[in-house]
Amino acid sequence: MNYLNKIRIENPLTICYTNDVVKNFTANGLLSIGASPAMSEAPEEAEEFYKVAQALLINIGTLTAQNEQDIIAIAQTANEAGLPIVFDPVAVGASTYRKQFCKLLLKSAKVSVIKGNASEILALIDDTATMKGTDSDAYLDAVAIAKKAYAIYKTAIVITGKEDVIVQGDKAIVLANGSPLLARVTGAGCLLGGIIAGFLFRETEPDIEALIEAVSVFNIAAEVAAENENCGGPGTFSPLLLDTLYHLNETTYQQRICIQEVE
């Protein structure tokens, strides 16, 4: 847990331009791992914030015509500042509007990580792909999708699901930790985007080890929280997840991590 230990010591400032539904949960999750979240949205202050921040999360869950230009502006300012961006294209396949905006953003600015479920990432590489919302039940080959997305966008790809896939450079990793309760809590996936950002430490081309650790810390914490005798369902799971992120130790991490490199 080299990266998590560093976070707990250095408290990296992590800027989150995220959706209205999840701001509180995302901020509390980042605080739980030791990061310092700032939910700054104004392009007018971005240049000053980005000089001292360690990463930027952009999550388009509540995209509107009113915030389109702000998102593009802060992404470009982050590029100018050398600040890595984690981009979460929430429900990109649910509407033509979202898909067009996401593609515009990816043409307008360079992001360091694209994080989404298989349907969302597929929508970024296949104009015919559709989905029902933030999740899809369709079986998809996440490794193949991640590799194709990496080839197109030349940026690290994190695909979440029952198993999580990370592709960076010539490496493809499958992770198999987590809990079904994550799908019953709104904003869990959005929090993961924030946690990934917290692990970047101004690395615009992040080491795959940082991404592996970020995803594994989150999912192992979810496993432990779900197994807690006080966890009765989604309502008790959420605070237990935060507590477990706060207390997670090296022994638990090493005992539970389930990782496989694939071709």
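Heads up, the Cβ atoms here are built off N, Cα and C, so glycines get one too.
What Swiss-Prot says about this protein:
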- Met39, Gly187: substrate binding site (BINDING)
- Lys115, Thr160: ATP binding site (BINDING)
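All features noted in Swiss-Prot, drawn onto the structure.
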residue : record                 : DSSP (3 states)
Met39   : substrate binding site : coil
Lys115  : ATP binding site       : strand
Thr160  : ATP binding site       : strand
Gly187  : substrate binding site : coil
(request) Using C-alpha atoms only, work out the spacing between Met39 (substrate binding site) and Thr160 (ATP binding site) and round it to an integer in Å. (result) 24
(message) What are the sequence-distant neighbours of Thr160 (ATP binding site), meaning same chain, six or more residues apart, C-beta distance under 8 angstroms?
(response) Lys115, Gly116, Asn117, Gly189, Leu192, Val215
(request) Mind giving me a neighbour count for Met39 (substrate binding site)? Other Cβ atoms within 10 Å of its Cβ, every protein chain shown. (result) 16
(request) Would you count the other CB atoms within 10 A of the CB of Gly187 (substrate binding site), including those on all shown protein chains? (result) 21
(message) I'd like the number of other C-beta atoms within 10 A of the C-beta of Lys115 (ATP binding site), please.
(response) 32
